[in-house]
Amino acid sequence: MNNGQNVYQGNADQIIGYCEQIGLQVQAYSNPLDTIMNNLNPIYNNQQSLVTYENYSRYLELAVTSFTTQQNGIIKRKTQSTFVQEFKMLFWRAKTHFWRSPTLLRAKLIAAFILSIFIGSLYWNVGDEMPNQSPELSKYSDVTKFLQNMNGACFMGGTGAFFSALHPMMMLFPVERDIFLKEENTKLYKIFPYFITKILVEIPSNISVSIILALILYWAFGFIWEVAKVIQFILITIAVSLSGNGIGIFTGCLFPDPKRAAQLGPVIMLPIQLFGGQLVNLKSIPKWISWFQYVSPFKYFLEAFGRTQLEDVEFNTIIQKDASFSLVTISPMEYYGRDFGLWNSIIVLFGVAIAFHILAVIMLNCSFFIQIMSQFDYIKCVLYFSLLPFVFGSEVNMSKSQNVFDDSSKGKSCKDQCKNNDDYDRCYNDCKIEKEQPIIQIISITFIVLGLMLILFIIWKRKQVLRLFHCVLNKRTIMMEQFLNNAILIKNSNVLLNQFRKVAKMLNQSKNELIFTQNGKLHKEEDVQIMCKINEKEQYIAISLLGNDKYGTWSGNGVTIIDFNNQLKIWFIKDYEEQQEARQSGLWEHLIYQGEFDEEVKAFSGQWHYDGFENDLTYSGTWILKIK
């Protein structure tokens, strides 16, 4: 290091060659480090220091000249290490972090224990209250009480396992997002190994907590103690936990910070619960919207938990209707419309977990969508108001069907209800209207509310909407927005503004020299003009460049920012006036320059590339913009 700048960074066996390139002679049979440190020490040899601006500038020019030849035959990668290396190091780091934070695992275990005790005490020995099964008769009140308690126990047990895994994972990626983006942008590793190591470290703890929760609840509920049924119950609990784990990670990757994830997470969970089958009979949902139930883990774990105890159970009871009595056989699974099967439900639960983990990886890689989500807090209001009709509609449906066992046709289709009716057509039409009209009204109100909220949103946020469409239609703006994501944003700070003023003053008053390589050749041009304008609101410097080289007159437009490491960086697009001639010479519109400022030599340096040819050595190179 010399005055905060790197003098050498590389292998130790190449340091002598580096010293010769910058004009620093190392004596024979001496330690090269002693020679370098002596020359860097201003007290020892301040006047004779060989690490000067001229030597370093000369070294940079040599590096620019030899860039293409040095890179020939080298396959460029997004990162410098292989997947196996990245996976090993990231897994070791994640495992070390996990074991160094025992309070997290301890908190999960304590929360699972308290939750299981609370739910278990609420449904204590509900399985021992099973009435007489068919062919014996059972009291109607006993059957309704038992089925209601069993359904509630299954729902609360699955909900506890689901949310105990969901909430910690919902905060996992938003909390570490800044660190992840910084490391990923510097190409330390790719997204997939980072994601998979996080999951592999968290899954064993979730499975352990799920097993403890399942055993306590199974004992507290008083379910049938058979080895097969206990194993099935534990397996279902693990599948529910993993699905909650996946949905939690997906929600965390969907939003850029923990605050938004915590606010909008419950809103996303609400429709998943509504279509689970606890608040409304699944067979009474219209077909055009009933598809949503198939992505709800609540639907599958309710059926799976129920089938472990009520697979082949039937109850014979006598129901009074008008002045007559009728013998009714009640099958819990048929009544609730759950005919998917035990093992099918378990397989789908694991499939939901895998699917949401894959979606989480996609969302973690989709930074532009995350940027859109981070700009619009109004989305939260739209989701809340659009879901209100569903909530009230579910309550209305539940209030209308309190005495569900008073009607022996409950849960049957309209064809089955009306097959013995003399006026079949009228009975069928009345049945369809009675079942579908309330839900259709709820859906209609929902879309009306959603449409009104969307119109108000467009009016209120018209500037952001126009900016969004502009970004979608203008690729150049998208690239600039991605570059600006690295800028440090400080609200109400004069320090950053003063830095921008100094930088703008330096650039506006300077005479600049641009050096760049193309196809192994070095090109220089003098008197490159730079004009700057500070954007105080967005906290960046808008720059305009003007120059003339062998291809003709060109202009550049871009931005200068100060990133999280307090490093001055530049990004601009170079456009030639005669685009047709430029294309024939190997250039076209989107010629992108990106680099950072070296305070030691007062120069910007970095790499340029044609748009879409970042990894092609023929269409990329290095450049230096000297500030004189």
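Even glycines carry a Cβ here, placed using N, Cα and C.
According to TrEMBL, the feature domain 'ABC-2 type transporter transmembrane' maps to 86-305.
If you look up TrEMBL, you'll see 109-126 (among others) marked as transmembrane segment. For the transmembrane segment (109-126), same-chain residues at least 6 beyond its ends with a Cβ under 8 Å from one of its own Cβ atoms are 146, 149-150, 152-153, 156-157, 160, 164, 209, 212-213, 216-217, 219-222.
Taken from TrEMBL, the feature transmembrane segment applies to 146-173 (among others).
For 194-221 (among others), the entry in TrEMBL reads transmembrane segment.
Taken from TrEMBL, the feature transmembrane segment applies to 233-255 (among others). Through the fold, the transmembrane segment (233-255) approaches residues 157-158, 161-174, 199, 202-203, 206-207, 209-211, 213-215, 217-218, 223, 261, 264-265, 268-269, 272, 297, 301, 304-305, 308, 345-346, 349-350, 352-357, 359-361, 363-364, 370, 373-374 of its own chain, all at least 6 residues removed from its boundaries and within a Cβ separation under 8 Å.
For the transmembrane segment (342-364), the list of distant contacts is 173, 191-192, 195, 199, 232, 235-236, 239-240, 242-243, 245-247, 249-250, 252-254, 295, 297, 300-301, 303-304, 307-308, 311, 370: same-chain residues at least six beyond its ends, Cβ to Cβ under 8 Å. The transmembrane segment annotation in TrEMBL covers 342-364 (among others).
As annotated by TrEMBL, transmembrane segment applies to 376-393 (among others).
The transmembrane segment annotation in TrEMBL covers 439-460 (among others).
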Requested in this report: Go through the chain and flag residues at least 6 beyond the ends of the transmembrane segment (194-221) whose CB is under 8 A from any CB in it; none is fine as an answer.
Outcome: 86-87, 90-91, 93-95, 98, 105, 108-109, 112-113, 115-117, 119-121, 123-127, 153, 157, 160-161, 164-165, 168-169, 172-173, 180, 184, 230, 233-234, 236-238, 240-242, 245, 249, 357, 360-361, 364
